[in-house]
Amino acid sequence: MAVEKVNSLMEGLKVNGDTDNASHDTGFEDLEYQRGFGNHFSTEVLKGALPVGQNSPLKCPYGLYAEQISGTAFTVPRMHNQRSWLYRIKPSVTHEPFHPREPTHERLVSDFSSTSAASVTPTQLRWKPSPVPEAETNFIDGLSTVCGSGSPFLRHGYAVHMYTANISMEGCAFANADGDLLIVPQLGRLWIKTEMGKLEVKPGELVVLQLGIRFAIELPDGPSRGYVVEVFSGHFQLPDLGPIGANGLADPRDFLTPKAWFEEKSFGTGGFTVIHKFGGALFDAKQDFSPFNVVAWHGNYAPYKYNLKKFCPFNTVLFDHADPSINTVLTVPSEKPGVAVVDFVVFPPRWSVAEHTFRPPYFHRNCMSEFMGLIYGMYEGKADGFVPGGASLHNCMTPHGVDTATYERTICEDPKPSKIPDHALAFMFESSLIPRVTPWALNSPQRDPDYYKCWIGLRSHFDRTNEPEAEDS
């Protein structure tokens, strides 16, 4: 009876347009979002679907089921507590038993607590873009782990993956019980169905899909490629601004969360597959309905996306080069103040105006480990070899910096104000943890064995006869 009532009301909504998200019948092109980072949202497709005054009434409106999803422990301080209440046609528990997914996903690694899955190397590493596979490959099957540290069993650490895919996820959904996923598409848009609604994510944007939330990814532009960081140690948050003040970097209002949307589909006995990542392994469970059947929800635990063009950068205006931490978009802090398990850092278009300064990134050795990717354009620190869709890894205390061509060009040019162009966008996953690198990444044909040569040409400019002029003290 409840299902019949929902069907009847849906037919009325198609005529009257009385819905919180009118786009739920029109695909992904005209999606509307809720704004704000970490806000407590309330959204419903059918008017009155959200219970009033309580979360779990004896009988929910329209005969829906109440279901809570918790992203944090019940007893964490209120300011850190994350949870949402979902009101759905059928509860997510309605599925057959989980079974190990066959065949196993050998390129997907999550547990780095032993050397059997990955190994350490201090050598600078760089990869060319991965080609789109010839065989039909969806987002999940197209994930390949590059490196990581820690373990989901310990709820501490992270993993970096890259993905290449050429088909949409059909008849299946994915949920990660190991950690949050931050996805950065580089080639092709992603149309993402989640339990909380739909998102369209373009190259130049990021999306965060939190622990446990079920989703499916469609590829409207065909082949797609990008980067993923998986975090086992809690959730992303905005960095503290400190002396910067109240404004700048990523503005909370520019983060977008979907409005409620649902589909009521029957797939027959065992016709839909829920793929569950748990302890680094994949499991399948069969059910006969779509998991995207949430008619209303409220809470502060939900996926979100962010357009990196909205980032407001800060920069040096007189001399020297700012540390990359000034470009942090999101962070997962560790138990040590000021130290991150993972920082997501962006290098956006901006003006370089510092006087008597080597403006590109300086040569350095860092206690953090840095994985870099390039979404489009050219990175300011590399004149050649680092291309869109590629990646590099510079581990803890491994020296790195600009290549020979960039250095020689920079010290010879007149340092007039210049702009890092609008068509250039690079980013970095930075971590205080030392990552192990997977065999797939070390043995990949896309790995550049000559990466070290970009620094071999750095020659000595030392001249003991060229005494500098005295400066004012």
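Just so you know, the numbers here start at 1 and follow the chain as drawn.
Even glycines carry a Cβ here, placed using N, Cα and C.
Marked as active site, proton acceptor by TrEMBL: H321. Annotated Fe cation binding site per TrEMBL: H364, E370, H400, in sequence order. Marked as homogentisate binding site by TrEMBL: Y379, H400. If you look up TrEMBL, you'll see 32-308 marked as domain 'Homogentisate 1,2-dioxygenase N-terminal'. Here TrEMBL flags 309-462 as domain 'Homogentisate 1,2-dioxygenase C-terminal'.
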So how many other Cβ atoms are close to H400 (Fe cation binding site), meaning within 10 Å of its Cβ? 20
With the Fe cation site defined by H364, E370, H400, which remaining residues of that chain have Cβ atoms positioned within 8 Å of the Cβ centroid? P361, R365, N366, H394, T398, P399, G401
CB contacts for Y379 (homogentisate binding site) [other CB atoms within 10 A, all chains]: 24
For the recorded positions H321, H364, which one has its C-beta crowded by the most other C-beta atoms within 10 angstroms? H321
Cα-Cα, E370 (Fe cation binding site) versus Y379 (homogentisate binding site), nearest Å, comes out at 15
Of all the binding-site residues given, namely H364, Y379, H400, which is spatially nearest to the residue listed as 'active site, proton acceptor' at the Cα level? H364
For the domain 'Homogentisate 1,2-dioxygenase C-terminal' (309-462), provide the mean pLDDT of the predicted model. 93
CA pair H364 (Fe cation binding site) / Y379 (homogentisate binding site), Å rounded to integer, equals 17
Y379 (homogentisate binding site) and H400 (Fe cation binding site), Cα-Cα, nearest whole angstrom: 14
